[in-house]
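Database features (TrEMBL):
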| type | residues | note |
| --- | --- | --- |
| SIGNAL | 1-24 | signal peptide |
| DISULFID | CYS34-CYS51 | disulfide bond |
| DOMAIN | 65-220 | domain 'Cupin type-1' |
| BINDING | HIS113, HIS115, GLU120, HIS166 | Mn(2+) binding site |
Amino acid sequence: MMKIVILSVTTIFVISCWATFAYASDPSPLQDFCVAVKDADAAVFVNGKVCKNPDMVVAEDFFFPGLNKPGNTSNLVGSRVTPVNVNQIPGLNTLGISAVRIDYAPNGSNPPHTHPRATEILVVMEGTLYVGFVTSNPANPALKNKLFTKYLYPGDVFVFPEGLIHFQFNVGKTNAVAFAGLSSQNPGVITVANAVFGSDPKINPAVLTKAFQVEKNVIDYLQAQFWTDIN
């Protein structure tokens, strides 16, 4: 009888531990870092934004004007992203959603980039876009990352899964416009070329020559370029 009781208690303990592992999870980060500081030095900084006193909330906290206005595409990549996230609409805090308008000049590109904290759903309003995303590294090293692409026309919708590198390119002869929703109040953007070749300080060229299997002069050239931020 005693053995049965001990076994039952042990079983309950194990099940409880597994249940804890199954349900406990850290919240997804809403910025790149949340570095802990000593309690004595701590200021108010949380994973997201501090909440405003509800008694002080007004309609303007949930409002943003101007997505009808074209963005300025006069830059090296020929596109412009107009974001509407928690930094533009404070009422988005904790709601897990945001939006962008993207304008493209003819041959304009939203270069390969990733949103580390959000899935994106894009709808084309004007023009013709060539869009795509690349999968993460496959488990089988003999396989390559897979590319999914599509030509989009007005009214077409395409989804870019969270964290995956993706792009859009205006293949038409006229301006193009798209709107997108993202599944985070602050999705973040990492533009691949900017991050790899335009970081400050620069990544050691020895790292990049080995990674890209090119001569150092190629890396020096790329690191010397002006990398445009369209956001």
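Glycine residues also receive a Cβ, built from the backbone N, Cα and C atoms like all the rest.
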Inter-residue C-alpha distance, HIS113 (Mn(2+) binding site) and CYS51 (disulfide bond) (nearest angstrom): 31
Sequence-distant neighbours of CYS51 (disulfide bond) in its chain (C-beta under 8 A, six or more apart): ASN93, THR94
HIS115 (Mn(2+) binding site) CB neighbourhood, other CB atoms within 10 A: 24
CB-centroid shell, 8 A cutoff, Mn(2+) site HIS113, HIS115, GLU120, HIS166, site residues removed: THR114, ALA118, PHE133, PHE160, LEU164, ILE165, PRO187, VAL189
Cβ atoms near HIS166 (Mn(2+) binding site) (within 10 Å, other residues, all chains): 22
Neighbouring C-beta atoms (10 Å sphere around the C-beta of GLU120 (Mn(2+) binding site)): 23
Segment-level pLDDT (mean, integer) for the domain 'Cupin type-1' (65-220): 96
